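What follows is a single structure, written as structure tokens, with notes after it.
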Amino acid sequence: MLNTDYIEKRNSTGDPDVPVVDMTPSFPPADSTYPKSKQLEAGHYLAMEQDGGDPFSDGGPPSVVSSVATAGGLADPLGFFIVCCVVLIGDMNRGVLFPIMWPLVQELGGNAVWLGYAVGAFSFGRIIASPTLGRMSIDYGYSKTLVMSTAIIIIGCILFASVYRVGSLYFLVFAQIVLGIGSGTLGVTRAYVAEITATRERTKYIAWQTAVQYGGFTVTPIFGSLFLWLLEGKRFQVGFFVFDEYSAAAYFMGGLGVVTLFLLLTKFQARYRTKPASKKKSSRTAERDEVADRMTFVGITVYSAALLGCMLLNVSTKGSIGAFETMGISFAQSHFGLQPAAAGLVVSINGMIGVGALLSMGWLGKFFTDVQMILGGIMVCALGIISFAPLDSVEDGGNNSVVHYCLGIFMIYATGYPIGHTAVIGLFSKVVGRRPQGTLQGYFASAGSLARILFPIMSGYITTYDSINTVMVVLFVNLIVANCFVAMSRRTLEALSV
């Protein structure tokens, strides 16, 4: 479906009620890899068909739009790389700090409930920022939006580095909120990728971007573990900056944020959406629109119901991994006798394997649909989580094998979650189609952030007043219910995502 979003500017009379379409192309940049032979006489680039076919295949006039992808690749590989850098530092804020968070909360006098609040605060910041940043990317372009968010990340890193010196759990929560606000660009970056890729290749490129995101919060805990190990009991001061086991990781993240900000300011091409010319729909698009416009028994269209269902599916998967992420270090300590640094290392290794699984999504897509990958990935993740439920803690006499821990983490972090959740993202993007992706992707990201607030806090309370084993059972049931929804809606979802 063609995108009808466009930039509105005041006309020469100054009347704000009379929109004027700015058709000046600002993307791809001059150094884009998009073939010059595909350029129109007016200097505009062709928009891809929804199904990734030839724009001239149905005899209609070519669409003109500044956001475009070639049939076999990306319109702007450099821009894609820089956007991936933004995604990386956004989720590294969770990954690098993952093994540090629980020891820091304990050092400040907190318990599992405070840990849930600290982890949930990051996602609270994201849920505040995601819709606004998504809208900004449409109104002001991607460059200004990403520059602002990256600057906020740098400020958040400085605040987090000061938490131990301030000595307040409330300040920790505040620093996490600021980091979350700066990292609330998942919807923006996914919309960017969706706009510069053909539909038939979108899952592959979104999988590559998600591999970067996933590596950010599953592979990079190894850096946090390294800082914990190297600086345990040590403290160095250089002017205003104090480096210890709790602050060094935040300064490390701030340095990466500065590098990314430099790339955005010097190399990233400004890009705006423009209004495409009207074009005859292909038969496939017409059939999909007919399905999308049908009314459901609850009074909303099938299209709206599918979007809502994908968002709830995002809540289910993101919430489960968020809860497990929150309790992971304390669970490894209480049930397997592992130290935070060792547990972080296990997660990092399996995260690396998960990145490999994500990079193979293009290959998997040749054999499985998005819906099939969702069903399989969620089931593997659910089985990995429930395998921990019957275990007794070391304090209660449990003698659990570390091999069990490694296998469970493998099922969750290396295979189940990365494949299943990435397929959810790809499915949502395909259902949205060529409608304005920025705002909808912002709401999608906010749904995931909401889950990362509620589930960690829920896990903290259940662990405090019952046991962590109960948390595992709740997460398992949640994922099974989500899979049932996907199985029941399978035909509709596949029809809307072609």
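The backbone N, Cα and C atoms fix where each Cβ goes, glycine too.
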Taking 1-21, 22-42, 43-63, 421-441 as the choices, which stretch does TrEMBL tie to region 'Disordered'? 1-21
Closest-packing stretch to the transmembrane segment (78-102), where packing means Cβ pairs under 8 Å, from 170-193, 205-230, 371-390: 205-230
Where does the mean pLDDT land for the domain 'Major facilitator superfamily (MFS) profile' (79-490)? 82
Determine which residues of the chain contact the transmembrane segment (468-488) at the Cβ level, with the cut-off under 8 Å and only residues 6 or more beyond its ends counted. 309, 312-313, 316-317, 319-320, 323-324, 327, 330-331, 334-335, 371, 374-375, 378-379, 381-382, 385-386, 388-391, 455, 458-459, 462
So which of 145-164, 250-270, 336-359, 402-428, 440-462 has the most C-beta pairs under 8 Å when paired with the transmembrane segment (205-230)? 336-359
Please check if the transmembrane segment (145-164) comes into contact with the transmembrane segment (250-270), where contact means 3 or more CB pairs closer than 8 Å and the residues in each pair are separated by 6 or more positions. yes
